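> Supplied in structure tokens, the structure appears directly below.
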Amino acid sequence: MERLVFCVLVFGALAKAQLCPGRCICQTISPTLTLLCAKTGLLFVPPTVDRKTVELRLTDNFITAVRRKDFLNMTSLVHLTLSRNTISQIAPHAFMGLKSLRALHMDGNRLSVINSDQLKGLMNLRHLILGNNQIHHIEESSFDEFVATIEDLDLSYNNLRTLPWEAIARMTNINTLTLDHNLIDHIGVGTFTLLTKLVRLDMTSNRLQTLPPDTLFQHAQVLSEPKTSSSSRLTVSFGGNPLHCNCELLWLRRLTREDDLETCASPEHLMDKYFWSIQEEEFICEPPLITKHQVTKPYVMEGQGVTLKCKAMGDPDPAIHWRFPDGKLVHNNSRTILYDNGTLDILITTLKDSGAFNCVASNAAGIATAAVHVHMIPLPLLVNNTGHMREADPGLSDISTSSRSSSNDSKTHSKRVLVENLTAHSAVIHWPSERHIPGIRMYQIQYELCVLAVYDDGITSLTATRVVGCVHFHTLPETNQCRFVPSQFLGGTMIIIIGGIIVASVLVFIIILMIRYKAYSGGGGDTAKAKAGGDVSVHVHSQTNGSRSAATKQSEEPPESPAGKHCKALVLLKMVLPILHLLF
């Protein structure tokens, strides 16, 4: 019997020894279990940790990551310390299930980003220590799990430029907020209004130039260096910031001071002066002054884009916004883009944009406005032969857009424009005269061989364009060009050719002299008369006169009716622009 009891005790001791990792200290003080594994050279969280552990300390090791399985089912864990390791990664939901955890210490690691899913499950967390890391970004919802329970938040000695201020503003139970030695340059207005239990706010050694006034600071004690303070009064530490001493910090100057160690960094006349020694009258601001307001182009065609610019100066730097001609405030959307430097881009203009845009510059000292005028040019409306408004025909406005026409449009207009007499260098194009369109000034032929009628619109007095038709064709293959003379024909052959040319020239000169001699000797012969005949045509480059055929010989045929009259153009394809022969 005694031997059986001894065996049971031995097996129990061995079982407990297996649950405690090597080189770790396991302390069992009923009903709690504490596991201490400091400076043991751990590379990861030991998998043999008792799942009923209440306090787990793994400080001064070489753990590089927190895995999802490391703290699985450890629902009794209350205090977790992972300080001074080399942790750079936290797996998503790595702390899920730790509903009893009250304190998490991860200072002195290599964390760079805190994502929203890395701290999930810590619904009862009260102390979060993340100081001495390399954190430069914290997602907005990272603290949402414990925003109502957190009491101590330490983010000191990181690379933070901003914080999830909206989440911090909801931490109504927080007592200590430590944000010193970061790169923070802005604090949202009203961030601390609801933090009535806040006892200590440490903003030492950041890049703050100003602090927003807050009702919570009315009874605050201001310190330039962290010191002990009573629990009943808020202590604000802001030493080591490049304070800009203007009217925005006048509220801080009126608070109770404890020493004269803090100085101003700007403006220039207050540089290096003790903050608390400056008179209240010297904390002044300058109203905004608009130095530049202009538009890239004052006249804008409807649908085009335009850029408006506005610059202003003042102390503090004024914020710039714009108002439409109807007085509405301009916001960023798919049509308008407003930049921080005061530039406004309108990507697509409408007729409602015609008028005066107002640039408004404002700061703590006042408001300044300036008007920028934009004149909208409406798109031309086409008129049919009945005098009623109609939509413009979808067509090409210039050569560069000719390739954008759809195949359906090409098929529709190809029946109205015909091509004939195709050669390697030219083609003759026929199209209707379009006499029913009033005021046609010319016909424009483009590289895609689409004929456009350009005329004056009767209502808007603007130039309108209508596609008469398009045609597609292929020219005939070009004949072979002259080949280069082989080298064997040069030399003596060239001398013979040159000599022949000289002899021929002498013979021609002799024949001319003989003809002149006979002409003078004939005396009184009939004078030869030249008779001009044949068709005369004029080359016109790129565009033709649609109203009349100038510089052409009038035909003796009877005139045709206007409805049946056709136009014709000869296109010389070797030219950079088409050369047209107008035949009416």
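Residue positions begin at 1 at the first shown residue.
Using N, Cα and C of the backbone, Cβ positions are placed for all residues, glycine too.
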> Identify the disulfide partner of Cys310 as annotated in Swiss-Prot; candidates are Cys245, Cys247, Cys359.
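Within the candidate set Cys245, Cys247, Cys359, Swiss-Prot assigns the bond with Cys310 to Cys359.
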> Within 10 Å of the Cβ of Cys310 (disulfide bond), how many other Cβ atoms are there?
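Its Cβ has 25 other Cβ atoms within 10 Å.
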> Looking only at Cβ atoms, how many others are within 10 Å of the one on Asn341 (N-linked glycosylation site)?
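Neighbour count, Cβ to Cβ under the 10 Å cut-off: 9.
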> Which sequence positions outside the repeat 'LRR 3' (100-121), separated from its termini by at least 6 residues, show Cβ-Cβ distances below 8 Å to it?
75-88, 90-94, 127-146, 154
> Compute the C-alpha separation of Asn73 (N-linked glycosylation site) from Asn332 (N-linked glycosylation site), stating it in Å without decimals.
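Cα-Cα distance, Asn73 (N-linked glycosylation site) to Asn332 (N-linked glycosylation site): 48 Å.
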> Of Asn332, Asn341, Asn421, which glycosylation sites are close to Cys310 (disulfide bond), meaning a Cα within 10 Å of its Cα?
Asn341
> If you measure from the Cα of Asn421 (N-linked glycosylation site), which of the recorded positions Asn332, Asn341, Cys359 is the nearest?
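Nearest in space to Asn421 (N-linked glycosylation site), counting only the recorded positions, is Asn332.
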